[in-house]
Amino acid sequence: MTAFNDFLRAVRAPLGAITLTLLLGFLLVMMITDQPVLAYRDLLLANFDSWSNFGLFLNRAMPLALIAIGITFAFRAGVFNVGGEGQLFAGAITTTMLGVALAGLPPVLLFPIVIIGGIAAGAFLGWIPGVLKVKLGVDEVVVTLMLNTIVLLFTSYLVNQVIRDTAAYGAVSQLVPKEIWLPSLPGVPKASSGILAAVVLAVVSWVVLFRTKWGAELRAAGTNLRYAEAIGIAAGRRVIGAMLVAGGCAGLAGALYVLGIGHRFEQNFSPDYGLVALTCALLARIHPIGALFTALFYALMLNGAAYMQISTDVPRSLVDLLTGLLVLLMTARVVISRRKA
Amino acid sequence: MTDPQNILELSGIAKTFGDKVALKSIDLAVRRGEVHVICGENGAGKSTLMNILVGIHKPSGGQIRFNGQQVQISDPIAASRLGIGMVHQHFTLVPSMSVAENLFLGRHPKKFGLFSDRQAMVDRARALIEAYNFGLDPQAAISSLSVGQRQRVEILKALAFDAELLILDEPTAVLTPPEVEELLKIIATLRERGRTVLFITHKLREVKAVSDRVTVIRHGESVSIHNTADVSEADIARDMVGRDVFLVGRKGDVERSFGDAVLKLNGVTRTNAAGRRLLDAVSLEVRAGEVLGIAGVDGNGQTELAEVIAGLSTMQAGNIWFDGADISDMTVAERQALGLGFVPEDRLDRGISKTMSVAENVAATNYERANILRRGFVSSARLAEFAAEKIKEFDVRGAKPKTPIGTLSGGNMQKVVIARELEREPRLLLVSQPTRGLDIGASEFVYDRILASANAGRGVLLISSELSEIFALSDRIAVIYSGRIMAILDRADADEVTVGALMNGAGKEAA
Ligand SMILES: Nc1ncnc2c1ncn2[C@@H]1O[C@H](COP(=O)(O)OP(=O)(O)OP(=O)(O)O)[C@@H](O)[C@H]1O
Ligand SMILES: [Mg+2]
């Protein structure tokens with residue numbers, strides 16, 4: 001019961017802001033097009049027109065949700081992790097490399113190896129800024145941003161020079177063995193079952209963060225480091241732990257993308273998932289279950305905008321505008337509630 | 001009821017935060033030109049009331065009349081226009097800026113109505129400083145000033161805009177005894193110049209020393225108003241708490257026996273980056289059943305001493321033993337596991353996490369001990385139950401288990417910290433400034449707890465800049481000055497004069 005109330009409290013704020021954004025957005029759309037209702041219908045509902053659209057929507061949501069859930073750990077521990085993109089790429093490329101290189105192994109062995117490999121690669125990328133912050137006081141924003149660039153360039157090298165599929169067009173790797181592809185979601189042929197991992201992890205993360213001692217210590221370190229130290233929490237270890245989880249989640253997103261959606265590494269597979277997921281996590285007020293929902297909402301808008309652009313003359317960049325509005329409204333809400341206090 | 005003598009009249013002021021009632025009904029009449037003290041327990045609503053007067057909070061009910069006019073105070077600027085200035089409990093100065101810049105922050109004198117006129121600003125600041133004889137350099141950076149000096153800047157800042165009514169929220173809590181004397185003199189000067197001063201303090205001695213009248217509030221209601229001259233400290237305390245209070249500390253003649261040393265420091269030395277010795281070969285021991293008080297003026301190494309013992313900072317030389325085991329290289333957690341309890345001097349800094357709930361703060365180190373874990377997971381029912389027990393036992397006002405601890409009044413946060421540390425029944429309790437900002441009833445409670453710990457055979461190391469507290473609780477008194485232990489005296493051999501002199505470095509050569 002209290003858990004349910006907590007949950008309600010966590011989703012109430014983003015839901016309000018989202019509704020208001022959509023209303024204001026509608027006014028904007030009315031100015032651009034003479035078919036505002038159609039435009040909005042496509043933006044919001046075209047995702048449900050067919051199972052195939054719905055599947056694509058879930059596929060879009062999966063990496064967003066996983067990265068955003070990971071980011072909640074980092075933020076709760078007081079680390080501003082903007083390295084989601086790099087961690088995602090590290091996971092995707094590692095899974096692909098392992099899958100291609102060890103293609104001969106039996107699938108029961110290969111599958112866990114590539115998944116763990118992807119998670120470990122992402123976690124390693126989270127570990128670097130974590131350790132640098134704890135041991136040397138290096139600013140994590142700078143480190144994660146730089147790592148993003150490094151990883152993106154490195155994957156580009158790998159996919160072009162090492163595992164390139166020369167028969168295919170563009171910077172894509174060879175396919176991973178079909179035996180380790182993720183099955184699709186029962187009943188939704190286009191949807192990878194990876195989204196289930198996101199749902200499960202959202203709940204698990206909530207439990208870990210709010211119902212374990214480790215989670216409480218992590219949040220103590222994130223809210224007041226000097227307090228955490230004084231009560232004997234190994235605060236540095238918690239910070240690094242949180243970054244391992246954050247990186248691991250993003251790495252898992254990359255692994256599941258490769259196994260369930262792309263079946264190979266594509267250099268341009270991410271429409272900046274890392275950054276969008278950051279927004280999702282913030283809008284969800286750094287709550288893992290909330291993050292699942294904001295990720296679904298963003299996926300809805302990202303895909304919906306594409307349908308909208310096809311059927312009306314509203315450009316898909318409307319989404320960027322709505323995003324801006326949403327962020328504005330969320331922050332404005334915070335200020336208002338502070339005033340009241 | 002308007003009386004032309006009164007500069008400020010409040011009637012029926014109420015304030016609720018959500019469903020929490022902070023103020024029920026406050027009536028207050030402040031006469032022009034008087035020093036009026038507001039007394040009340042922690043969480044009684046004093047700060048909330050003052051914040052209403054300067055427009056930070058809006059009242060949920062009641063009327064404010066200022067200079068005979070009914071007014072609405074919508075924000076701090078409106079308050080300063082009316083002539084109400086406030087010095088907050090926590091300083092609001094910009095450390096990197098000069099005194100003059102801080103005084104006129106956002107209101108610089110302008111040249112050609114556009115550019116800020118630095119010379120005019122410095123001149124006006126100097127004139128203001130001289131007018132009140134504050135002895136400050138208008139061009140000194142705030143960061144180079146002592147706490148007492150900073151407070152004077154805060155006062156000037158409030159006065160710079162001709163505040164007729166000056167509000168001071170617990171101004172003496174952070175000051176050293178000589179600084180307190182200075183402040184009391186300043187308040188007397190302000191009164192001579194016709195200003196009205198509203199003053200919040202928990203120290204009844206100060207009430208008697210400076211005020212003309214005193215209003216007591218309890219649980220958000222004003223319960224009494226007295227001419228200070230007509231009442232005793234005990235009368236005020238009784239009004240505040242609703243019963244008789246005795247801050248007596250240790251009852252004299254009981255024969256006390258001590259065990260072996262629980263904590264022993266030998267030659268503990270800590271230097272800062274510049275090589276200055278913050279702790280200079282400190283040696284002392286605390287025996288089981290004993291309270292060792294560390295007396296000293298703030299800033300003479302007390303903070304460093306506590307941190308070194310707690311394991312929060314390293315030392316360059318020396319050893320620390322706990323129950324005979326060398327703990328010099330142990331982590332904070334290992335020391336706590338051996339039985340060290342630590343109440344830090346500044347609760348907001350190291351004592352609590354403001355945004356986390358009361359329950360999570362009080363349970364933080366007690367998950368196993370208090371049976372809060374069920375198969376490795378936190379049982380939220382058990383957590384709430386444990387927190388509710390502690391809230392009741394330690395009489396934490398205005399708190400439910402889920403309340404973010406940052407919304408409690410200062411004294412009530414302190415009770416949570418003490419509840420958490422005592423739950424472990426530590427073999428040695430290290431307490432720094434345990435009653436800073438606490439009301440007299442809460443202080444009495446904390447005193448009882450400290451003495452009960454000692455009577456139960458535990459050691460207590462009490463660090464306090466409050467001499468009366470040291471004398472009330474200690475079996476032996478160590479005096480610290482400039483990082484050195486000047487002397488360790490038996491309570492029976494110590495008197496305030498000797499200790500006071502040692503605190504100021506007397507006999508430095510001998511030691
Ligand atoms: N922003 C807030 N939200 C919720 N409750 C609050 C808030 N501010 C104060 N309170 C509550 O109002 C009550 C009065 O608090 P206030 O800070 O005025 O006490 P006080 O008399 O100044 O105590 P102290 O002597 O400890 O400073 C307390 O119960 C406190 O928890
Ligand atoms: Mg207060």
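Cβ atoms are placed via backbone N, Cα and C, with glycine included.
In TrEMBL, annotation is done automatically, which means it is predicted and not curated.
Database features, via TrEMBL:
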- A:12-33: transmembrane segment (TRANSMEM)
- A:53-75: transmembrane segment (TRANSMEM)
- A:87-103: transmembrane segment (TRANSMEM)
- A:109-129: transmembrane segment (TRANSMEM)
- A:141-159: transmembrane segment (TRANSMEM)
- A:191-210: transmembrane segment (TRANSMEM)
- A:239-261: transmembrane segment (TRANSMEM)
- A:273-298: transmembrane segment (TRANSMEM)
- A:318-336: transmembrane segment (TRANSMEM)
So, taking each listed stretch (A:12-33, A:53-75, A:87-103, A:191-210, A:239-261) in turn and counting its Cβ pairs to the transmembrane segment (A:109-129) that are under 8 angstroms, which one gives the highest count?
A:239-261
If I count Cβ-Cβ pairs under 8 A between the transmembrane segment (A:53-75) and each of A:12-33, A:87-103, A:141-159, A:191-210, A:273-298, which range comes out on top?
A:273-298
Of the listed stretches A:12-33, A:87-103, A:141-159, A:273-298, which one has the most C-beta pairs under 8 A with the transmembrane segment (A:191-210)?
A:273-298
Stretch with greatest number of CB pairs under 8 Å, the transmembrane segment (A:12-33) reference, A:87-103, A:141-159, A:273-298 candidates:
A:273-298
What parts of the chain pack near the transmembrane segment (A:141-159), using Cβ distances under 8 Å and only residues at least 6 beyond its ends?
80-83, 85-87, 89-90, 92-93, 97, 125, 128-129, 132-133, 171-173, 265-267, 274
